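Enquirer: Before I ask anything, here is the structure I am working with.
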Amino acid sequence: MTQNLYITMENVKKSFNGVPVLKNVNLQIEKGEIHALLGENGAGKSTLMNILGGVHQPDSGSIYINEKEVKMTNPRISQEQGISFIHQELNMVSDLKVYENMYLGSELRNKVGFLKVEEMCRQTHEILARLGVDIDPKEYVRNLATSYKQLIEISKALLHKSTVIIMDEPTTSLAEHEVNRLFELMKNLKKSGISIIYISHKLKEIKEVCDRYTVLRDGEMIKSGNVEQEDLDTITKLMVGKSISQNRFVHEHSFGPVMLEVNNLTSLGLFKNIHFKVKKGEIVGFTGLAGDGRTELFESLFGYRKKYTGEIKINDQLIKIDHPRKAVEAGIGLVPKDRKENAIIKDLSVIHNMSLSSIGNFEKSGFIQDNIERDKFQYYKELLNIKVHNPSITIDKLSGGNQQKVIIAKWLEVGADILIFDNPTQGIDVGAKQEIYQQIVALAEQGKSVIILSSEAPEVMRICHTINVMYQGEITARFKGEEATEEEIMHYATGSKREAAKIG
Amino acid sequence: MANTNVKEYNPQVSNAKSRLTWLWSEYSVIIAFIIIFIASSIMNPRFLDINNQLNILMQVSIIGIVALGMTVVMLSGGIDLSVGSVLALVGVMTVLALNASGSILIGIFTALVVGSFAGFLNGLMVAKGRIASFIATLGMMAAARSIALYIAEGGSVSGEVKGFTAIANNDLWIFDYPVIIFFAMTALVYILMHKTRFGRYVYALGSNEKAAMLSAIRVDRIKIAVYSLAGLLVSVAAIIETSRLNSISSSSSGVQYELDAIAAVIIGGTRMTGGRGKIIGTLFGVLILGILNNMMNLMNVSPYLQGFVKGLIIIIAVVFQKRE
C-alpha cells in the first residue's frame, strides 16, 4: 500500500485566535484513489484542506508530495504542485463564456497579446469531450445547470494538469442522475491516476465511490481505513462519537381535521395541477430531484411568487395569498432553504431575528420593548436548546444548526398553524439534525400541520406521515410514510414511473 | 461582538485585544470626533470660543437634517441623490405659497407636502418600478431642479410675510432654532430607527431584502416610507434654509447637498450597501465635517482647497472602517 503514497500530511497543527482547530492530524493520500475525508461541521476538514491548498499556513507539521517536503506558502504553489480545490460554492463567473472561465487567469495569447480564442475553444471542447459532455465552449456559464458548472470546474483542474482534486461536498446541489454521472467521472479520473479527496456528509455516497477514508473529530484524526471494511453505522459513530439511530421518527397519533387544502394550483413552467391536503398534526413530505418545482410551489403558496392560479383553502376557507404577510395572517410559516440567502438577516442580532416576523408581540404603544424580546428568546433558547452565550451578537456568528433553530423560533413566535420547512437540515451536522427532527415531530404532536420539502428521500421517509413525490412540476406519486421505499420514490422522482390513480 | 468571533468558543488569550477592536469598530466615529476636537482646540484657541462652537452647530444643522434622512435611505440599501434639488424646489414652492396666502402655517404645510411627495415618488420608482435608487433619484435630481428653475425663472424668490425669518434666526437661550430642530430631529429619527418596527424593518431590508420579504415584511411599503421620510426631512431643511435669508435661489440653493449628506453618513460608519450603521454615527459624521469646515476657515485655508481636504477625510474614514 505504501509504495503508492502520493501526499502525506504529518502532525499538522493549527489554531485560530488561540483555539486549536487541528491537533496533530495525519493524512495520507495514495496515487489514483478516491479518499473520503469525513467529519461533522467544525471538525477541521476545511481547515486541513485549506492548508493543503496553501490558503492557511499550519502552525507546525509538514506536507510531503512524492516524499519531497513542500511548503505551501500560497495557493499558487499548491496549484503548481498539481492540487486543485473545487469549493462547495463554485468559482465561476456566470457572465463569461465556458472557455473564458476555463482559461481565467491563464489565457492563451499570441505574440501581439491578443487572445487565441479558437485555440482555447478547441482545447476546452477536447477536455469536455473527454469527460463525456457536449457543451458549446462559447455558451455563457449562466445558462448552464449547476452540474455542468461543476464539470467545468473539474475540466479546469484537468486543464491545469492537476494530479489531486479536492471536492468539497460536490453533490449538495446535484440531482440523483447528475450525482451518478459525477461518480462515473470520478471513477474514470481515478483510473487515469488522479487522486481525489472527497469531502461529504452523505455516507451512502462514500460507500459507493470512495476507496479509503479518514475521519476527523474536533480537530483530531480519529481513524483511517478502507471503506469496504467498515459499515455505515461504524463510520457515523466515529464521526459523531456516539451512535445515531436511523429509525423512523414518527409516532402514530390521530390527526385532526384538514387544515390546508390545495386544488389545481398551476404556475406556468414551474408546476401544474397540484392537489393535496394536510391535516392537523400531520407531517407531509415533498421530495423529488432538483428542479422538480417543489420550492417554487411552496414559495407561491407562501405568497412570495404571485403568478399562479388555483385555489388554496385554509380551515375550509378560500383565501388569496399574494404576499408573505397574507400567508402569515392565514397561519402559514415558511422556513426557507438556503438559510444564508433566504432566512437569516446577518446584520441583526439573534434576538432580533427571532422577533422579526411578530414584532407586534413585543410592542407597547408602538415601541419595541427589549425586555419582552429578551425574555421570550430565553424561553425559546431553552425549548429548542439553542447554544448561544450572548443573544445580542449578530446571528451569522452562530453555527448552522443554531441559526436554523432561531429561524424555527421565529415561526413558533408567529404562532403559525401550518409550518413549511424547505430543506430543514441543509448544512447542519448530524447531531443538530437529530434535534431538528425531534422538534418537527414534537410540533406535529402539538397539533401543527407540517410540510417538509427535501431532496433527500431518506429524510422525508424518516419523519413524514405522507410523502408526495414530484417530477417536473407535478405530483407523480403519494405514499404513506411507512410504506415508501427509497427505490420506489426514485422511480417516480425520475419520471420512469407515474401513478395517476394513486394521487386521485 | 467582542469574544464570540469564533462561533461558541471563548478565546481568553486575545480578550483585551478583541475588546479594543470592538470598541474601535463600534465607536470609531466618536473617537475620531474627540481626536479632531482636541486637535482643533490645540491648533487654534478661537476654536473653543462658545460663539464659534454655536456657529458650527448652526452651520451643520441644515445638512445634518438632510443627512438623517440619507442615513435611513442608505440603511435600507438605497441612496438619494435628489435631496439638494428637492430642497430648492421645496424652498421655491414654500415662498410662493407663503406669499400667496400670507400664512406661515400654509407655507410650512406646503413645504412638508412637496418634500414628502417628491420622496414618495422616489420610493414608488424604487419599490414598484424596480428602478435602482441611484438612477431613480438621479432622475428626480434633474427634474426637481428643472421645475424649481422654471417656476422661479432661474432666479431667486423672496418671502414677503413678516415673521417667517424667525424660524431660522431666533434663538432659545443660547441655541438657535435650527440647532434645536436638528437635535430634535436626530432624537426622533433615533427613536424611530431603534425603538419601532419601522426601524427594525429598514435594517432587515437593507441587510437581506429577500429574507426580509420571506419574513412577511411589506418590503415595498417600507421602501416607499423610507424615501418619503427622507423627503420630509428635506422639507424641514428647506424651511430653515429659506427662512434664514427669507429667500431661496432656484439655481444655487441645495447644490451638492447630496454629496455632503452622503459624506456625513459614510464618515458616520453606515455601510453603503445597507443594513448596518447608526443615527448617532451620522450625528458625529456631520459634526466632524462641520469642525473641519470651521477649522479651515479659521486657519485661512483657501476655499478652493477645502473640497480636497474634505475628500481626503471621507476616503480615510472609509479605509479605517474597512479594517474591522
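Any Cβ shown, glycine's included, is placed from N, Cα and C.
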Enquirer: To which of the residue ranges B:21-42, B:197-218 does TrEMBL assign the term transmembrane segment?
Expert: B:21-42
Enquirer: Pick from B:261-278, B:279-296: which stretch is listed in TrEMBL under transmembrane segment?
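Expert: My reading of TrEMBL: the transmembrane segment range is B:279-296.
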Enquirer: Is the count of Cβ pairs under 8 Å between the transmembrane segment (B:172-193) and the transmembrane segment (B:104-124), pairs 6 or more apart in sequence, 3 or more?
Expert: no
Enquirer: Kindly say whether the transmembrane segment (B:131-152) and the transmembrane segment (B:81-98) touch, using the definition of 3 or more Cβ pairs under 8 Å where each pair is 6 or more positions apart.
Expert: yes
Enquirer: In the same chain, who gets a Cβ under 8 Å from the transmembrane segment (B:54-74) while lying at least 6 residues past its ends?
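Expert: Long-range Cβ neighbours of the transmembrane segment (B:54-74): 80, 83, 87, 119, 133, 174-176, 178-179, 181-182, 185-186, 189, 193, 202, 206, 226-227, 229-234, 236-237, 240-241, 257-258, 260-262, 264-265, 268, 270-272, 274, 277, 279, 281-283, 285-287, 289-291, 293-294.
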